[in-house]
Amino acid sequence: MKRIKPWKMILLVTMVLSVFTACSNQGDDASNATSSTNGEATDNLAPPDPLGKYPKLVTVTEVLGYNAPEDSRTPKGIKPEENAYFKDLKEMMNIEVKYKWTVPSSQYDQKFALAMASGDLPDILELDPKNFEKLKSQDMLADLTDAYKQYGSPVLKEYMESDDGFAMKTFESEGKQLAIPSFEDPFLSAQLLWIRKDWLDNLNLQAPKTMDELEKVAEAFVKNDPDQNGKDDTYGIAAQKSLFFWGFDLRGFFNGFGAYPSMGDAQSAWIKDTEGKLIPGLIQPEVKNALGKLQSWYQNGILDKEFALKDENKSVEDITAGKVGISYGEWWYPNWPLNLNMDKDPKANWIAVQIPGMEGPGKTLVSKIRIGKLFAVNKKSKNPEAAIKLINFYIEMGKKQYRDKNQSANGYVYNWFNPRITDPAQIDTIYTEVNKALEAKQQEITLDDGNYKDTADVFKATTDYLAGDTSNASKGVNWGQYFSRAAKDGGWGMTRQLKENKAFVNNEFYGIPTASQVDKGTQLDKLMQESFTKIIMGAPLDEFDKFVASWKSLGGDQITQEVNEWYTKEAK
Amino acid sequence: MRHKQSISRKLFIVFNTLLLAGITILSIIPFIHLLSISLSSNTAASAGEVRLWPVGFTFDAYVYLGEKVEFFRSLWVSVKRVVLGTIVNLFLVFITAYPLSKTNDRFKFRTLYVWFFAITMFFGGGLIPTYIVVKNTGLIDSILSLILPGALNVWNMVLLLNFFRSIPKELDEAATIDGAGHWTILWKIYLPVSLPSIATIGLFTIVGHWNAWFDGILYLNSPDKYPLQTYLSTLIMSMNAQMSSISIEQIKAMENLSEKTLKTAQIFMGALPIMIVYPFLQKYFVKGIIVGSVKE
Amino acid sequence: MRTLKKEYLLHLMLIPGVIVTLIYAYGPMAGLVMAFQQFEPLSGFFKSKFVGLDNFRYVFQLPDFGQVLWNTVIISVIKMVLFLIVPLVLALLLNEVTKQWFSRIIQSAVFLPFFLSWTVLGGIIIELFSLNGAVNGLLTNIGFKPIMFMLDNQWFRGIIIGSDVWKGMGYNMIVMLAVIIGINSTLYEAAEIDGAGRWKQMVHITLPSMAPILILLAVLSLGSILNAGFEQILIMYNPTVYEGADVIDTFVYRLGMFSQQFGPAAAVGLFKSVISLVLVSSTYYAAYKYNGYRIF
């Protein structure tokens, strides 16, 4: 007996100790690393040349959330660390990128939280605004002000100033630039109405301009066998269980009623009232009107009886299968999933129109700023300017002179390369350049800057589509490229029109979620989803008033106050 | 056992056979569905038109699958994981269950140990603390990170412990009188008589290792080290539902996701190897082993 | 002295299991402090702010918590009962099958759905029970009105429970089969000489022999009384059935979507652990006191 007890104790103590030291390790790590950086930070400095080569090899660490390579011509089984960009990078700048880890993008948040918790962050950080805020508050981000000024290439600076520095300013703190944002044109998320032209023609109907016309068209699409297959197998308008989402949802429909409930981020949208205050779009009376209409549409079969159990994949199936011919959606619909429908049914033909409103085309809801992700540098990093140089490098590689080399087939996987900043106005550049080349009947586009590659790809698909050439890709895929980005009456073409006609309303709130939004957001979202779905499926319309009361008392009022505090402080 | 059967017995057998056949069909349906999708044309599959029979029959998906380096790479990782993991797990479960199957008068600290293990069935530290421990024991990015943290499955251990208890005490006692120690009893007596239960637990262990995918995401740092189910999960994971807007790049990714037949072919092929394991283990499910050894 | 020496070996056998459990199960439990912290990954366990019971208060006061807790308990209790009864009946019926090959095919088939993830199965089940699905097709054929199964709170719960039992029944069935196989066949021979029919043999021999494993499975399943099946419900539910199918885990999952709220999640985890520990240990002692049976 007595002989056993001591070793058990020893074992226990060592185990417990090892666990404790394990947990406290991270603190030490941090202090070690900072002290070692100061020593050698200076001896590797190159003169401020955006594309210059370091005299000595500089290694920077990154992490990567990746999607599969887009192009099927990419070499089989290639790994992120084998990306061909890295070879050029080493030759051109003498920089080597090492991945601490790579993970499928759907798991990136999870893995990044673990990295933060274990104090194991890379040099270059790809962040969302929330994580940016966290790292900022812990003072873990390097000041990029000088690095950007000295090393930022003219093209990069041009990109950043394209919105008068609005996006850059969002990530500045006490005069320090802490991140370089990758932002896009906010109109990329403006909704249009997509509609099957061949069905309209079959039934001798015009594309709808008002809500009443839309109702008539949708009713005809339900009852009059628009696909002429002799079967009652179609419904009117695509909808799914999330009423406000990133696609196949009903944001545009609500907008048509002058209602601006949400951008699809499970929060209310915020619009300016007459006194210049922000009010939650979600609880305005226009929303009630829109819900009333949806209720009657559910009744008479314009909405699918089971829309409430569909997700985006199911909606895509319905569109592809030709079960539905009307869907609210953004400019990119032709790219996916309309192209699938085109390939399945050679007769299918989709057009885009501005969203129908009460008395004519309605105004769509658009955010003020559209930030995908941002790039920051770990304070412990020895070469913060390397991040800027990497951005320069990527923009440079898009130029015409690298076109022959820079092909997926050669192992260049662009969507694995970070930090990657593209022209915020790229979509517009593509649109104008391709149209210019088409009108002048050129064989090639004339542009030569960082947008070359993407523009050339769209131009190729466009000419292939117009010539009926399907040797490179299917008709649907070529059409998708053409009709989303280049066609004047296509996705981006129509979006440009609504931009020019000022047919939009801004969502005025673009800060990070306020304290109450974080605390109460989930509850409020559940409340909204439950009430709205039930109303559409036949609950009394006055349930909406109850919803508004609950929404306010369960935290909505508090959020409204916080959002307005932010507004007075930040936005003016 | 061969007696003449009464009418009610015959009726029962007919009913029983039909019922079990029905359940069998119900259980196979999803696999038939998956197989049909994988053998259909991509357009039919993405329009959701395939039910239990291929539409636009084609082997295309399997031809592509043959070129999928990732699939075979991760299949190999899975095989390594299952073999290594099952050996470690079974060994640990076996030698842990044995002492704990003794009665309290033969092993005083039994209850203490049992609760020491049982507590872990209810309490866990959660994702982050577990990750930190795994990291600090140096297992990150190694296949051991998929094996060691769960090396002792308490649930299986309790199961085996209960199986051990049903072994007649006379066996133990006879062996002790013959002068055999615990070690000998464990390997020479317990092992042979408990083959059916070890086969059961072995099956659960194999299946557990085969099906696990999340630990791969957490502990491995590059996709080329992923076991098969981790790799497959990356194919079917839908996009983050909380995205407020979709970026140009994500749309292009969505386009790729529409390769539904190839995805389905991989899911189907991913389940195949493990389906073969069970029939193989079934030969250990033989009646009368215990009785046989008592008679010896 | 003799026993001491023998016990020493028993301790020795437990060392590997104890070490692994200490490191990988008890080590991370330090993370339970998160339940009392406003945990922030960047600050770690040592620098995060302690907030006492705030996390618990926050979760318990959330307006729907009562409803969600009730949903969880009702769904998991029904699942629990069915997970005992259905596999038991299956195992007993299988035991009556005299043709080995048929028995083996059924065993394999019933186990199959276990290999498919809910991401894959969820879609198939939703399709099966939708208005145009096979089930409604069957209903309309025999003259019933079609039912919107997935949009009705009562039906939806039934489908959640039924499909989970269907997917997982093979697991417990195999445990039970292994027990049935281990029953001393001389018992049956003796009963047959006494003229007992199959039914009587089952009631008087098979079931009593299975009692220990049934008690074990029942008691241990109590440990998961607050786990109603997270992944399954998350994939299959929709806003219309939140009322009847939103459970603790889906609720916490949505809490975490806005910003990763580690504190409340850890608090709920701890709450669940304590409840299961209390339930399991009290039934453990009850089984021991009234039946003289030790589960572990």
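In case you wondered, yes, glycine gets a Cβ from its N, Cα and C as well.
Database features (TrEMBL):
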DOMAIN    C:69-283  domain 'ABC transmembrane type-1'
TRANSMEM  C:12-36  transmembrane segment
TRANSMEM  C:68-93  transmembrane segment
TRANSMEM  C:105-126  transmembrane segment
TRANSMEM  C:169-188  transmembrane segment
TRANSMEM  C:209-230  transmembrane segment
TRANSMEM  C:265-287  transmembrane segment
Item to check | Long-range neighbours of the transmembrane segment (C:209-230), counting only residues six or more past its ends (CB under 8 A) | outcome: 71-73, 75-77, 79-80, 83-84, 88, 160, 164, 172, 175-176, 179-180, 183, 187, 247-250, 253, 271-272, 275-277, 279-280, 283-284, 287, 291, 293, 295
Next on the checklist: Checking distant contacts: for the transmembrane segment (C:12-36), what same-chain residues at least six beyond its ends satisfy Cβ-Cβ under 8 A?
Outcome noted: 45, 48, 50-53, 55-56, 262-263, 266-267, 269-270
Item to check | Other parts of the chain folded back onto the transmembrane segment (C:169-188), taken as Cβ under 8 Å at six or more residues beyond its ends | outcome: 83-84, 86-88, 90-92, 94-95, 107, 110-114, 201, 205-206, 209-210, 213, 217
Item to check | Chain residues outside the transmembrane segment (C:265-287) and at least six past its termini with a C-beta under 8 angstroms from it | outcome: 31-32, 34-36, 39, 55-56, 58-59, 215, 218-220, 222-227, 248, 252, 255-256, 293-296
